[in-house]
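Undergrad: Below you will find the structure I want to go over with you.
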Amino acid sequence: MASTSTLKLDLYRHYYYDNNNNNKAMAKAKAKAKAKVDAFNNKIRLRPRLLLFPLKSSRSTARTTTAAAATTTTTPVMKKLTDEELQKGIANFYDESSGIWEDIWGDHMHHGFYDIDARPSVSDHRTAQIRMIEEALRFAGLSDETGTGEEAEAINIKSVVDVGCGIGGSSRYLAAKYGAKCEGITLSPYQAHRANALASAQGLADKVSFRVADALQQPFGDGEFDLVWSMESGEHIPDKTKFVNELARVAAPGGSIIIVTWCHRDLGPGEESLKEWEQNLLNKICDAYYLPAWCSTSDYVRLLQSLALQDIKAADWSQNVAPFWPAVIRSALTWKGFTSLLRSGMKTIRGALAMPLMIQGYKKGVIKFAIITCRKPQ
């Protein structure tokens with residue numbers, strides 16, 4: 001996928017230099033850029049999964065997780081930033097990039113969930129993001145679509161905390177679905193402000209509210225929430241032990257915890273750490289997206305077990321999110337996406353250039369898209 005990064009840099013050069021010359025040069029650059037975008041889209045439109053998961057007959061360094069790996073302790077990738085620098089970087093990154101994401105993708109800032117081997121159209125991707133929410137609820141046993149009789153009546157969610165809320169897409173969806181009160185927290189002042197504005201515009205200001213707060217020091221009392229929701233925010237948290245403890249602390253007795261997050265692969269028997277090339281790949285992604293140490297799915301399971309939480313379940317949904325990153329890359333390579341990137345800042349551009357690294361990580365089996373759910377004892 002190095003060619004994708006090269007393509008992006010080429011587009012940047014065409015736009016930047018020609019835009020400082022004259023309109024004729026700009027028109028020429030636009031036509032050339034459009035031709036490259038069309039060529040790239042044609043390559044991956046029919047088989048987006050090939051970017052993440054090669055055919056069985058092709059050579060691949062992808063590794064499978066074994067049962068023994070679930071009991072192996074991982075050595076996380078070493079973080080380079082202090083916690084304070086990390087928080088500031090995360091806040092600035094999302095202050096800068098959230099508006100672009102909303103403009104192109106809408107108010108859900110997370111992966112979509114797809115049927116394996118699906119060939120989704122452009123219009124399918126936002127639907128897939130909603131499906132991700134529903135699949136997470138279903139996995140946790142909280143979907144009214146799967147419950148009948150007493151099971152359906154037992155789903156009584158009146159309060160939700162959305163840890164790492166983005167611009168509030170999940171919170172507003174959950175508030176509308178359950179009639180619940182939702183509190184969202186984020187490190188980004190822009191996200192908190194925009195999330196509250198969208199809630200007001202949608203008539204949900206009495207149901208949802210958002211504020212700037214640290215997931216490791218949540219401004220809530222013990223046992224406040226029937227549902228603790230963390231959709232793709234755990235990867236930003238530097239102290240996973242403290243993170244899980246905070247999620248459990250604010251969960252009400254009998255409440256559910258849902259964590260959907262990026263993990264690295266489980267270690268195999270005899271492995272004490274990831275391979276050097278794997279750590280190097282993850283470090284590059286950390287630099288682009290302001291991520292600290294990674295952990296495995298089994299690390300999360302062990303942390304939840306240490307707190308005596310119940311009904312702990314985990315699954316690898318990597319294949320179900322396979323079409324997502326290729327779709328994000330395609331959207332970035334449209335003229336609208338490309339010019340939006342250039343109007344943003346270097347943090348957003350650097351994040352866009354790192355997208356092929358995510359595809360590489362999935363393809364090689366280093367990155368896992370995980371869901372982990374549990375319930376706090378009554």
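Cβ atoms here come from the backbone N, Cα and C positions, even for glycine.
So TrEMBL lists the following for this protein:
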REGION    160-169  region 'SAM motif I'
DOMAIN    161-259  domain 'Methyltransferase type 11'
REGION    223-231  region 'SAM motif II'
REGION    250-259  region 'SAM motif III'
Undergrad: Quickly jot the same-chain residues contacting the region 'SAM motif III' (250-259) by Cβ under 8 Å, restricted to those at least six beyond its ends, or write none.
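TA: For the region 'SAM motif III' (250-259), the nonlocal Cβ contacts are 136-137, 139-142, 159, 161, 218, 220-231, 234, 300, 304, 309, 370-378.
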Undergrad: Mind tallying the region 'SAM motif III' (250-259) by DSSP state, helix then strand then coil?
TA: 1 helix, 9 strand, 0 coil
